[in-house]
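The structure under discussion appears below in the form of structure tokens.
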Amino acid sequence: MNQELLSVGSKRRRTGGSLRGNASSSQVDEEQMNRVVEEDPQQQPRHQEEEHTARNGELVGADPRPGAQNDSQQGQVEENNNRFVSVDEDSSGNQEEQEEDEEHAGEQEEEEEEEEEEEEEEEMDQESDDFDQSDDSSREDEHTHNSNVTNCTSVVDLPINQLSSPFYTKTTKMKRKLDHGSEVRSFSLGKKPCKVSDYTSTTGLVPCSATPTTFGDLRAANGQGQQRRRITSVQPPTGLQEWLKMFQSWSGPEKLLALDELIDSCEPTQVKHMMQVIEPQFQRDFISLLPKELALYVLSFLEPKDLLQAAQTCRYWRILAEDNLLWREKCKEEGIDEPLHIKRRKIIKPGFIHSPWKSAYIRQHRIDTNWRRGELRSPKVLKGHDDHVITCLQFCGNRIVSGSDDNTLKVWSAVTGKCLRTLVGHTGGVWSSQMRDNIIISGSTDRTLKVWNAETGECIHTLYGHTSTVRCMHLHEKRVVSGSRDATLRVWDIETGQCLHVLMGHVAAVRCVQYDGRRVVSGAYDFMVKVWDPETETCLHTLQGHTNRVYSLQFDGIHVVSGSLDTSIRVWDVETGNCIHTLTGHQSLTSGMELKDNILVSGNADSTVKIWDIKTGQCLQTLQGPSKHQSAVTCLQFNKNFVITSSDDGTVKLWDLKTGEFIRNLVTLESGGSGGVVWRIRASNTKLVCAVGSRNGTEETKLLVLDFDVDMK
């Protein structure tokens, strides 16, 4: 369907953007051919000259006979004639000036309209080019499509001398085949064709009949019955009607064979005439004949890149392709939640409605292109925490929060790179943190949690209760669950600072925790994973199977995924507590994981990253090869397109989520391999924040902020 739509659009664009261009060019060619078979064209000017002379004689009205009038009458006539000529010259001069002014004004308007149209076309071309440049495979598909379109129209563009060449005649004879069956069209994957029975015949459309109709009937049904070519200067040849009756009496294959022989016996000009009559019938813009709702439904099957190309076909197609609801659906497919409202550089013409959803889609596409191959500009460098380790990192909106074993947290601006404030109050190193809006929560080796106001830096609450280091926490709305080396978990109200529940059952330090508002899931050094009901403080399930410490957890409300020092990853059913899959393949500790829509990405101390489908338990990709990390993976994050990973080797790498292919290094520390480490990474749609440093003093502790945003004017 995509190629059929675009082939119509490509032909229309090459011929002037409308079918009227084809009709006008065909009409000119037909008139030229008429003049070949009509009478001598010089006779018409001679008749016009005689008529003009006769009219002049009648208008002058002068008697050529001498003595017919006296001198006074003759003088009066001359005076009147002179006065008439003078007035006529003045009026004609004014009229000419007025016509020149009007013509000049019209030319200016036309030039302005042409300039606006050129700007619109350039803008659409740029949007389409952005999509073309983003994917090599897309460019190959487009090249193949353009080749197909060119092949379909190459006969039309051939000069007459090529049409009459022996090579052309030979190849056309070889290529022409009798096709007695119906044409079978395939549809792209995921795109289901509309059933004809689902729609009634619309006004202006020709319903498909069960029996074949003649080409003349088709032209008449299309409203072009009066446009049929009539050569009136030549009488119908003798026996024409008998020949036509004989032709109609033949079978379908016999008619095709006869047409083949007829075409081979025609001269090039005659073949061209047939093409001019037939071709417009197959270039009809069926989209413009459909009701708008149905036309938009058809266009909704196009990919965004093809939709942008379709917008360049004509004005009506561009209006359809700018439909805001159409682009909203495209945005939903890509996970874009909000439209983009921007200031336009120029006023949109009446009839063209700017689509904020389209702008949002194009902006996101350009951002993805920046991540993939955009120029890596110098990052903002945020220096702080001296030479201490950055143990935790949060990034939300334009605010960055870093926690360190120097007992402090720092709040940074992701826009300016400035340190906005330092949160001081803990008496031990900060090892865990969470952030939402203007609230920051931190856990420390001093056995407390603190709730901070990110705007003012004020400590709102200090939460006491744990008897050892607060090693992990998870925030959900107004509650936070903390896990400690004292083997317990506590549920806190961050608004009041009260401890609501205490969950006891582990026999070793709690290393990781997840909370969805209903259930708490915890992993500990006792090899166990536990599922809790925090309201009743009861353990619903103890998930046994790991043979070493549990270091990482993910929980989506249905599945629990646990990573252990025993090198395995286990997928559990949270309702039954059963182990669904055991994912094997890593060779060491799984230090970090992230789960979205049944896709799990795991990073391991064996320097590899794996992508899994937790429903099937299948490993989809292993991110390795010559460009893989050379040391343990420290942190990772992924979205619908990319996987970002950091490592002890001092690099941050970008990978393709679908193919597993390495794209490029986003960060490479000069001290990488000799002590430089990327401890933590956090990424938004447009920014990447990296916490870097070293354990031997070779790399200064700092934050690096990379920006991949685009300017949508």
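Just so it is clear, glycine is given a Cβ too, placed from its N, Cα and C backbone atoms.
Listed in Swiss-Prot:
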- 94-136: coiled coil (COILED)
- 46-55: compositional bias 'Basic and acidic residues' (COMPBIAS)
- 69-84: compositional bias 'Polar residues' (COMPBIAS)
- 87-135: compositional bias 'Acidic residues' (COMPBIAS)
- 136-145: compositional bias 'Basic and acidic residues' (COMPBIAS)
- 284-330: domain 'F-box' (DOMAIN)
- S26: phosphoserine (MOD_RES)
- T211: phosphothreonine (MOD_RES)
- S233: phosphoserine (MOD_RES)
- 426-462: repeat 'WD 2' (REPEAT)
- 506-542: repeat 'WD 4' (REPEAT)
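Here the domain 'F-box' (284-330) has, by DSSP, the following mix of helix, strand and coil residues: 33 helix, 0 strand, 14 coil. Counting every protein chain shown, 11 other Cβ atoms lie within 10 Å of the Cβ of S233 (phosphoserine). Residue counts for the repeat 'WD 4' (506-542) under DSSP, split into helix (H, G, I), strand (E, B) and coil, are 0 helix, 21 strand, 16 coil. Note on the coiled coil (94-136): its mean pLDDT in the predicted model is 60. Across the repeat 'WD 2' (426-462), the DSSP tally of helix, strand and coil residues reads 0 helix, 22 strand, 15 coil.
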